[in-house]
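This report concerns only the one structure given below.
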């Protein structure tokens with residue numbers, strides 16, 4: 001599936017990650033609030049209905065369209081069901097849910113979280129008559145009947161032709177379940193619809209805004225679906241997209257921290273058309289909706305009737321809740337792909353849940369950061385050890401540069417020999433830096449998707465899943481916003497000093513640039529100023545929990561670097577070890593050195609041929 005639009009801030013984020021990783025590699029030379037009021041009490045809905053006793057069985061298509069399914073009472077009466085999780089209202093128009101609120105959650109304004117409200121959701125069945133006319137249930141008036149069977153609340157919505165001819169939707173709402181069971185069945189429709197044609201069930205839903213930054217929320221609002229082959233797939237994150245899919249286990253209309261997920265009662269939906277349309281063009285505009293989702297699923301008649309059932313999950317995008325249903329719903333949480341998602345699900349999610357069960361959420365982030373940096377401390381030690389060796393060898397490298405100024409191939413051969421004798425390698429710092437990439441990106445995906453952080457405060461941050469504004473601006477700055485967040489400022493300052501401190505160490509060990517090669521020192525000095533600016537701008541609208549993590553992480557990295565350099569590494573001992581290594585009989589070049597030598601010889605050969 002092709003992206004129809006580009007997430008500019010997402011690109012900036014990846015550029016920032018790339019810049020930081022380039023810096024790391026370079027610095028390591030390339031190295032339910034309410035219970036049901038009346039249980040077990042049958043609720044009867046009194047309605048006015050027309051006289052159906054004298055209906056002619058041989059009615060016309062116009063009878064069907066204009067009179068057969070029409071209730072002369074035009075009022076849109078409401079049936080309401082409440083329990084500790086939901087407050088649900090059903091409308092007779094279309095026999096569908098007209099309002100669904102999650103009682104345990106509120107939005108950024110303190111209002112209830114609505115997944116369905118004010119006409120943003122449409123359930124519909126389209127079926128054809130024998131004259132190839134289409135009848136849509138969304139335009140018909142249903143009769144409601146609600147009751148409690150002793151355990152569950154049940155709402156029956158009937159579209160009635162006569163006592164023997166009707167279409168019924170049956171909604172089963174369980175007291176402590178976010179999943180609603182829905183069945184659709186017809187009786188006596190043989191003479192009404194063309195049972196040789198599939199009937200089409202469709203559901204359209206506009207995602208309601210629930211967060212302070214609609215642009216940030218929209219970035220994590222997405223249609224995802226799960227194949228029966230245990231593969232997650234998705235439509236475009238930004239812009240408009242559509243697809244036709246087969247053998248689907250579920251279809252998720254994700255609204256960042258809340259989801260509406262359509263689940264077949266049988267194993268899979270055999271086929272479905274799905275689409276997503278981006279409704280957010282500018283955060284400056286007070287937009288109510290984020291994305292418009294739609295799915296169309298064809299079903300076949302069985303013995304000239306239709307009888308299908310499915311379930312819909314209405315609730316938080318929370319792995320703890322998802323895991324109760326054993327449907328792999330947690331695959332819809334955007335924790336990252338491949339190894340990044342594995343690290344989040346296997347390490348950071350359980351670690352953070354354990355820490356947050358002991359400490360407040362802000363402190364849990366700090367302690368998790370400490371554990372991560374301590375786990376990576378050996379990696380940092382390896383990097384600094386490599387820098388120390390290169391610093392000691394720098395005079396020898398400079399001497400080789402002067403001695404073989406006009407013979408690049410010989411210079412490289414002598415340098416490789418020097419590194420081999422000293423037990424050093426210019427590539428020894430690369431692996432430690434590369435090992436940090438999965439951790440860095442996994443945490444970049446973890447914090448914006450961690451439901452546990454939603455509306456959890458820390459210090460001045462009211463919500464660790466949203467930005468921590470300390471000042472509202474009277475104007476909007478493109479790319480930055482109309483507010484000032486403090487944690488991104490602290491993170492930007494700390495990364496500046498971290499890069500400055502690292503560059504001081506690196507400059508001391510970096511040999512002069514070779515002829516024809518770029519001066520990496522100048523490039524990294526430029527990055528030292530640009531990277532904090534990128535972080536300041538990009539993280540201003542991001543989850544404050546992520547900015548808090550990077551701030552603490554940078555402070556810890558500076559502290560660990562200071563301890564390693566001043567209390568662990570002993571340059572005198574390193575120098576002595578290098579001298580001992582130089583005195584040992586030289587081994588032949590290793591595989592990497594042989595390959596490098598072959599490449600240099602080939603390059604020198606091509607250069608000579610070119611100069612002829």
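Numbering starts at 1 and runs along the chain as it is shown here.
Positions of Cβ are set from backbone N, Cα and C atoms, glycine also.
Given the ranges 293-312, 313-332, 333-352, the record in TrEMBL names 333-352 as transmembrane segment. Residues 526-543 are the range that TrEMBL records as transmembrane segment, among 508-525, 526-543. TrEMBL assigns the feature transmembrane segment to residues 430-451, out of the candidate ranges 430-451, 452-473, 584-605.
Range 549-568 is the one annotated as transmembrane segment, of 409-428, 549-568 (source: TrEMBL).
The transmembrane segment (358-381) makes contact with the transmembrane segment (549-568), as judged by at least three Cβ pairs under 8 Å among residues 6 or more apart in sequence.
Away from its own ends, the transmembrane segment (477-499) comes close to residues 8-9, 12, 20, 23, 213, 283-284, 460-461, 467-471, 524, 527-529, 531-533, 535-542, 544, 547-548, 550-551, 554-555, 557-558, 561 of its chain (Cβ-Cβ under 8 Å, at least six residues beyond either end).
Within the chain carrying the transmembrane segment (333-352), a Cβ under 8 angstroms from the stretch's Cβ atoms is held by residues 220, 222, 317, 319, 322, 364-365, 368, 371, 438-439, 441-443, 445-446, 448-450, 452, all 6 or more beyond its ends.
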